[in-house]
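**Student:** Please read through the structure below; I'll follow up with questions.
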Amino acid sequence: MGILDPYKGFGVTFGTMFKKPTTEQYPEEKKETAPRFHGRHQLNRHPDGLEKCVGCELCAWACPADAIYVEGADNTEAERYSPGERYGRVYQINYLRCILCGLCIEACPTRALTMSNDYELADDSRQDLIFTKEQLLAPLREGMEAPPHPMRLGSSETDYYTRDPDAPLPWQASGQEQVAGQAAELEAADVIARRTAGEHSRADEVPAHGAGSERPR
């Protein structure tokens with residue numbers, strides 16, 4: 001042993017004395033997770049409240065830990081839970097088996113299943129770690145209606161997946177849009193009434209080559 005070896009050991013000790021502690025004061029202070037963190041699963045809804053899950057069971061087939069159980073059923077006109085022909089009547093995830101790998105998310109064809117940032121899954125009951133459909137479903141937001149109910153975003157399943165996601169919903173038109181629509185309807189009705197009465201003004205004419213343009217000479 002060299003004469004400097006003890007000082008080298010103390011150097012490591014003294015160096016750690018000035019480092020900031022890495023201990024998190026959990027659960028009082030929870031660490032913020034990454035945006036794409038693999039946490040508890042969530043079953044998503046369409047903007048009208050219908051479920052995105054169509055009961056195809058692809059997530060269960062893709063699960064390497066056999067942690068997902070799905071039982072599908074047919075929709076009817078009297079009871080509709082999703083826009084498709086079928087919906088997930090029973091949906092369970094066993095978090096005693098789940099390894100949070102995310103393969104079920106990749107297999108889902110309708111983006112019905114996603115992973116949240118909730119990582120607090122510890123429990124002292126094995127039965128409570130088997131999450132049911134009611135526990136996994138996303139909460140109802142403004143404008144949503146709890147199923148079963150008819151389709152409100154279109155007349156077919158295709159309308160739900162081809163609509164512009166940024167477009168306003170049919171029942172969520174803003175006050176300005178409603179006022180503008182009413183003003184346009186009144187203006188159109190006024191023009192029709194004046195034309196019916198035989199009145200005609202320059203303002204009622206529509207230029208052949210666009211508003212404000214002149215006919216080329």
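Each residue, glycine too, has its Cβ placed from N, Cα and C.
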**Student:** Please state which member of Cys101, Cys108 Swiss-Prot lists alongside Cys53, Cys56, Cys59 for binding [4Fe-4S] cluster 1.
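**Tutor:** Of the residues offered, the record points to Cys108.
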**Student:** Could you tell me what the rest of the chain brings near the region 'Disordered' (22-41), counting residues at least six beyond its ends with Cβ under 8 Å?
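**Tutor:** Sequence-remote neighbours of the region 'Disordered' (22-41) are 93, 95, 100-102, 104, 113-121, 131, 136.
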**Student:** From the binding-site residues Cys53, Cys56, Cys108, pick the residue whose C-alpha lies nearest to the C-alpha of Cys63 ([4Fe-4S] cluster 2 binding site).
**Tutor:** Cys108
**Student:** In the structure shown, with every protein chain counted, which of the binding-site residues Cys59, Cys98 has the densest set of Cβ atoms within 10 angstroms of its Cβ?
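**Tutor:** When each Cβ's neighbours within 10 Å are tallied, Cys59 tops the list.
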**Student:** What residue among the binding-site residues Cys53, Cys56, Cys101, Cys104 has the most other CB atoms lying within 10 A of its CB?
**Tutor:** Cys53
**Student:** DSSP three-state call for Cys104 ([4Fe-4S] cluster 2 binding site): helix, strand or coil?
**Tutor:** helix
